[in-house]
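Engineer: Copied straight from TrEMBL:
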TRANSMEM  12-40  transmembrane segment
DOMAIN    13-148  domain 'MARVEL'
TRANSMEM  46-67  transmembrane segment
TRANSMEM  79-101  transmembrane segment
TRANSMEM  121-138  transmembrane segment
TRANSMEM  150-177  transmembrane segment
DOMAIN    153-297  domain 'MARVEL'
TRANSMEM  192-212  transmembrane segment
TRANSMEM  224-246  transmembrane segment
TRANSMEM  272-291  transmembrane segment
Amino acid sequence: MDPQGGHYLNRAAVLSGVGAARMCQLLLGCTTMALVAHSAGFSATYGTYCMFVWCFCFAVTLVVFTLDVTRLHGCMPISWDNFTVAFAMLATLMYVTASIVYPVYFLRSECPSEGCEVRNYRIAVTVCSSVCSFAYGAEVFITRAKPGHVVGYMATVSGLLKVVQAFIACIIFGALANDSEYNRHIPTQYCVVVYSLCFAVTVVVVALTVSGRTSSLRFPFDRFVVIYTFMAMLLYLSAAVVWPVFSFDKKYGTPGRPEDCPRGKCPWDSKLVIAVFTCANLVLYFTDLVYSQRIRFVSHSAA
């Protein structure tokens with residue numbers, strides 16, 4: 001018999017810090033969906049996105065928790081630890097986004113036409129969603145790489161940053177699709193190529209790590225990741241210069257926001273979002289590169 005609680009069931013999956021975090025995620029996720037379905041409601045693209053986040057994260061968390069308790073994750077052809085920490089990081093980002101988007105578009109200080117009860121339900125949805133983001137963040141904090149512990153790549157700062165970089169690229173793509181007018185100039189089209197290329201390679205890096213196939217590659221994966229991160233930083237640096245110039249300079253674009261620009265469908269707003277998140281990803285790639293070099297230096301010194 002297994003001293004952890006039986007031959008088949010994993011008691012540590014429930015009685016550990018990670019288990020407690022996952023049970024909180026399931027409880028809060030289920031509560032959030034129930035509140036929305038009961039009375040809070042959702043509509044349009046932003047509401048559909050929020051509902052997708054809550055349903056998707058709940059479903060995957062339920063599968064992860066079940067497989068961990070029953071020990072069936074050993075049958076999965078993936079690196080389980082890398083998968084769970086990568087998903088927890090992604091879920092944290094998705095929940096934070098939904099917790100911001102939902103109140104911005106569905107919560108007002110005055111009562112809606114449906115009544116004040118609907119507003120109260122929407123406040124409860126926002127609170128539950130916000131607290132659940134902390135539950136996912138707690139799992140990331142517990143499972144992250146610690147000195148003296150051997151962990152998967154996705155649990156390191158570099159691995160977690162890869163998830164954040166890909167998520168921010170998705171935000172940029174969303175802004176590009178929202179009347180960003182990127183096809184008006186060749187340099188802005190170049191920026192789109194930069195975002196797409198870096199996103200694709202980052203997803204491949206994460207997928208190879210989660211699938212546990214890095215050791216079967218015919219080249220040193222860690223060196224490839226460092227070289228790619230350096231190239232991505234240079235590409236984003238060029239995009240961080242090119243995009244604002246061809247979006248906000250008087251010669252090519254509009255320096256200020258037009259007064260008649262409708263909220264939610266304003267090209268200038270989309271351009272600003274892209275510019276801000278381009279700089280954010282540039283900082284993330286630079287931090288990733290510095291951390292990767294530091295890890296290599298420490299490993300080389302220790303050897």
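Backbone N, Cα and C atoms are what each Cβ position is placed from, and that goes for glycine too.
Bear in mind that TrEMBL entries carry predicted annotations, made automatically and left uncurated.
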Engineer: Quick test of the contact rule: Cβ under 8 Å, at least six residues beyond the ends. What residues does that give for the transmembrane segment (272-291)?
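Structural biologist: Here the qualifying positions are 156-158, 161-162, 164-165, 168-169, 171-172, 175-176, 180, 191, 195, 198, 226, 229-230, 232-233, 236-237, 239-240, 243-244, 247-248, 257.
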Engineer: Provide the three-state DSSP residue tally for the domain 'MARVEL' (13-148): helix first, then strand, then coil.
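Structural biologist: Final tally across the stretch: 113 helix, 0 strand, 23 coil.
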Engineer: Per DSSP, what is the residue tally for the domain 'MARVEL' (153-297) in helix, strand and coil?
Structural biologist: 115 helix, 0 strand, 30 coil
